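Step one of this worksheet: look at the structure below.
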């Protein structure tokens, strides 16, 4: 999906700041995307205090695109999480606080286009304005290049955050991650117990339960050894602990 629509500009309420210079170049590098139609980005960075057109419609679109992309990312990355936990985890990644942090990392505050009153009142630091701008930029990328491209941009931006929750890419095994997480919150360590060992001695499958009384979490893992089964149970427990607590 691409867009080549003309963008009208309100000449009555012009903002003298232009999208160029070092801040702009650094922003594009961090974003990992260069607009073929710079006016799309300008509108995505234009707050309603500057007049019309502004970024509210782009924000509306970007909100839906972001939710879809993050939902897909979490669905693929955490195959054992149930729907409710995926929903809570997604909310942690797309809420205003998370988007504000992302906007700050991208340097959007230096580029946002504001009306005089909003600018004087510190609007370029306001979390809601910056969070909305992130969604608007995502909407603009979607309009210009379609979902496949904007999804790649979103995944690249969120990958460092997702990696922190993913035992497979953290460099530590699941039991260690779970133990460290619980210790940091002064929660009693998990209890592991073998529920069942099936099969011949040379080809057994172990079923292990992991219980965290302090969090009310109970998970089960299986593997060809007790250790592997414990690791699988710990992985599931860690994911649940991160999402719920």
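Counting begins at 1 with the first residue displayed.
Just so it is clear, glycine is given a Cβ too, placed from its N, Cα and C backbone atoms.
Feature annotations, reproduced from Swiss-Prot:
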- 63: active site (ACT_SITE)
- 135: active site (ACT_SITE)
- 59, 132, 135: Mg(2+) binding site (BINDING)
- 24-146: domain 'RNase III' (DOMAIN)
- 173-243: domain 'DRBM' (DOMAIN)
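Listed in chain order, the extra residues whose Cβ falls within 8 Å of the Cβ center of the Mg(2+) site residues 59, 132, 135 are 55, 56, 58, 60, 62, 63, 131, 133, 134, 136, 139. Using a 10 Å Cβ-Cβ cutoff, residue 135 (active site) registers 24 neighbours.
Around the Cβ of residue 132 (Mg(2+) binding site), a 10 Å sphere holds 26 further Cβ atoms from the protein chains shown. In the predicted structure, the domain 'DRBM' (173-243) carries a mean pLDDT of 91.
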